[in-house]
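Working notes, structure below.
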Amino acid sequence: MQPAANKEKVAIIGSGNWGSTASKIIGRNVHNFDEFDKEVKMWVFEEMINGQKLTDIINTKHENVKYLPNIKLPPNVKACPDLVETCRDATVLVFVLPHQFIREVCKDLLGKIRPDAKAVSLVKGVDVSESGLTLISDLIKQHLNIRSVSVLMGANIANEIAEELFSESTIGFTDADDAAVIKKIFNTPYFRVSCVNDVAGVEICGALKNIVALGAGFVDGLRYGDNCKAAIIRLGLLEMKKFAQMFYSGVRDETFLESCGVADLITTCSGGRNRKVAEAMVTTGESLSALEARMLGGQKLQGTLTAKEVHMILEQKNLTQEFPLFTTIYKIAFEGLPASHLVRDL
Ligand SMILES: NC(=O)C1=CN([C@@H]2O[C@H](COP(=O)(O)OP(=O)(O)OC[C@H]3O[C@@H](n4cnc5c(N)ncnc54)[C@H](O)[C@@H]3O)[C@@H](O)[C@H]2O)C=CC1
Ligand SMILES: O=C(CO)COP(=O)(O)O
């Protein structure tokens, strides 16, 4: 189908637990504004479910039976297995993939998108390579030559939002006009979005809280109680802020009090997947990667890779002693340090 002339057209890149939830919100919201084309394409990393393509299931049943079961998606959300086809005519690109897949996706999209497209990243993670630390939003911007990449992060456990339970979220932006368009596709009475001019602050919060969530899971596995978990959350928030302000100038103190900051830490340390799998690591003695594969039905952890990536950067810069919580969580997760050292070593 040709896009309606001069209309904003949204493409969603990713269709996991959060990607599918985002498609439910966006698919409905485009009907509220004249300026949007009503068709929303969603790129699905194709897989077979009981002999049927996941894209076919989504397009006939209007449900992502693997990553967001029992939630109806709007019929104007069209699942598409071809990445370039999904994005070719879009003016708004919504990136919502596990962060380890972003480089590959950007490579495949290079030169294949509209020059006037804007983007928003819902991806919680950072990129670490030989050239150092890069925000996922910067990676997308640099690789695809996109003029503005906003981010949307917050206390947003997808299953709750899919059931339309109230939550807040934060858009970090550099271009206020683009942020206003992006807010329109996400904001609903049950998903309350606010905007701050601080991409790095919002994005670093979204990435680092997943490391702290592993710590919260260790506390739960050890049965150390709620006071101890609150201490981990407090110390985690301090290290998140220190890290963000050390690596990015202009990060604002107030950002840590938005949904993307303290609120996301609290929800992730209570109901998130990183917390759940870290708890199981302590109670079963199995590795985080084995538990991720066994417990999550194809969904991915982001805290494990982020803990490794952040540790690599801290080691490179001789900063591990300045971040004792992140460092201890890394050592418990990957170097066999007993979980009880979480509090002993702080
Ligand atoms: N699920 C949640 O509650 C929330 C997730 N997020 C963030 O959203 C991002 C996406 O997470 P979810 O939608 O939850 O995904 P998910 O963890 O539920 O699912 C994994 C997704 O990765 C896809 N995939 C597997 N192999 C792939 C490959 N080689 N290339 C591309 N895609 C591949 C799968 O098809 C699936 O769609 C993450 O950064 C996550 O931290 C943010 C807020 C809430
Ligand atoms: O980011 C999230 C909630 O805001 C989800 O966290 P998990 O990936 O740990 O489930």
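Just so it is clear, glycine is given a Cβ too, placed from its N, Cα and C backbone atoms.
Listed in sequence order, Lys124, Gly236, Met240, Asp264, Leu265, Thr268, Cys269 are the same-chain residues at least 6 apart in sequence whose CB falls under 8 Å from the CB of Lys209 (active site, proton acceptor). The feature active site, proton acceptor is assigned by TrEMBL to Lys209.
Annotation source TrEMBL lists NAD(+) binding site at Gly14, Ser15, Gly16, Asn17, Trp18, Gly19, Phe45, Phe101, Ala158, Arg273, Lys300, Gln302. Sequence-distant contacts (6 or more apart, same chain, Cβ under 8 Å) of Gly14 (NAD(+) binding site) comprise Met42, Trp43, Phe45, Val94, Phe95, Val96, Leu97, Leu122.
Other Cβ atoms within 10 Å of the Cβ of Lys124 (substrate binding site) number 27 in total over all chains. Here TrEMBL flags Lys124, Arg273, Asn274 as substrate binding site.
According to TrEMBL, the feature domain 'Glycerol-3-phosphate dehydrogenase NAD-dependent N-terminal' maps to 9-177.
Here TrEMBL flags 198-343 as domain 'Glycerol-3-phosphate dehydrogenase NAD-dependent C-terminal'. Broken down by DSSP into helix, strand and coil, the domain 'Glycerol-3-phosphate dehydrogenase NAD-dependent C-terminal' (198-343) contains 115 helix, 0 strand, 31 coil.
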Contacting recorded positions for ligand 1, chosen from Lys124, Ala158, Lys209, Arg273, Asn274, Lys300 when the Cβ sits under 6 angstroms of any of its atoms: Lys124, Ala158, Lys300
Asn274 (substrate binding site) and Gly16 (NAD(+) binding site), Cα-Cα, nearest whole angstrom: 16
Inter-residue Cα distance where the pair is Asn274 (substrate binding site) and Trp18 (NAD(+) binding site), in Å: 15
Asn274 (substrate binding site) to Ala158 (NAD(+) binding site) - Cα separation in whole Å: 14
Remaining residues near the recorded substrate site, that is with C-beta within 8 Å of the centroid of the site residues Lys124, Arg273, Asn274: Asn210, Ala213, Thr268, Gly272, Arg275, Leu301, Gln302, Gly303
Segment confidence, the domain 'Glycerol-3-phosphate dehydrogenase NAD-dependent C-terminal' (198-343), expressed as mean pLDDT: 98
